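Q: Below: one structure in structure tokens.
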Amino acid sequence: MPVKILMVCLGNICRSPLAEGILASKLPKEKFLVDSAGTGSWHIGRAPDSRSIATAKKNGLNIANQKGRQFATSDFDAFDYIFVMDNNNYSNVIDLAKNEMQKNKVQLILNEIFPNENVDVPDPYYGMENGFNIVYKMLDEACEVIAHKLIAKHS
Ligand code: 4NP
């Protein structure tokens, strides 16, 4: 059974698809499975935002084949680790948790590089093109730390 990691944002078209692609690229496929979901339902079944696809491509990653889906309570049991992009995602996901074990799986992703600071990955959806580059950099740094930890813990 692979170790399963879920990346969560609001729409599942901008930030979490990038986080999924970046973390998956840093982990061996035989041992780890990375997925993403949104707390909202607007973009179910859709490909990631074209700006996220382009930013990933510039960095050598193909995320074009991902499909948007909504976070479900069954994800608490299906996944070992749940990383959320911002404090709103955190509240929305925690509100769905049934017990402490489920709550403990949920972490703000940037706490991996700024421990306990509860910093948000900014939502780039309504912003400028460069917002996607900034988001990419933040996620790449955080995923580097996550990948090292996961590989050390599960090998
Ligand atoms: P994401 O960005 O949460 O990073 O995927 C968003 C994408 C779409 C919307 C909100 C955030 N929206 O309201 O449609």
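Heads up, residue numbers simply count up from 1 along the chain you see.
Just so it is clear, glycine is given a Cβ too, placed from its N, Cα and C backbone atoms.
TrEMBL does not curate its annotations; it predicts them automatically.
Below are the features I grabbed from TrEMBL:
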| type | residues | note |
| --- | --- | --- |
| ACT_SITE | CYS9 | active site, nucleophile |
| ACT_SITE | ARG15 | active site |
| ACT_SITE | ASP123 | active site, proton donor |
| DOMAIN | 3-149 | domain 'Phosphotyrosine protein phosphatase I' |
Q: Please average pLDDT over the domain 'Phosphotyrosine protein phosphatase I' (3-149) for the predicted structure.
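A: Result for the domain 'Phosphotyrosine protein phosphatase I' (3-149): average pLDDT 98.
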Q: How big is the gap, in Å, between the Cα of CYS9 (active site, nucleophile) and that of the residue listed as 'active site', rounded to a whole number?
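A: That comes out at 6 Å between the alpha carbons.
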Q: Rounded to a whole angstrom, what is the C-alpha distance between ASP123 (active site, proton donor) and ARG15 (active site)?
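A: ASP123 (active site, proton donor) and ARG15 (active site) have their Cα atoms 7 Å apart.
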Q: If H, G and I count as helix, E and B as strand, and all else as coil, what does DSSP give for the residue listed as 'active site, proton donor'?
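A: Assignment for the residue listed as 'active site, proton donor' reads coil.
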Q: For the residue listed as 'active site', name the DSSP secondary structure in the helix/strand/coil scheme.
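A: DSSP call for the residue listed as 'active site': helix.
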Q: Near the residue listed as 'active site', which residues of its own chain have a C-beta under 8 A away, given they sit six or more steps off in sequence?
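A: Within the chain, the residue listed as 'active site' has Cβ neighbours under 8 Å at MET7, CYS9, SER52, MET85, VAL121, ASP123, PRO124, VAL135, LEU139.
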Q: I'd like the per-state residue tally for the domain 'Phosphotyrosine protein phosphatase I' (3-149) from DSSP, helix first, then strand, then coil.
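A: Once the DSSP states are binned, the domain 'Phosphotyrosine protein phosphatase I' (3-149) shows 64 helix, 22 strand, 61 coil.
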Q: Which entry in the list of active-site residues, CYS9, ASP123, has its Cβ near the fewest other Cβ atoms, using 10 Å as the limit?
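A: Sparsest of the active-site residues CYS9, ASP123 by Cβ contacts within 10 Å: ASP123.
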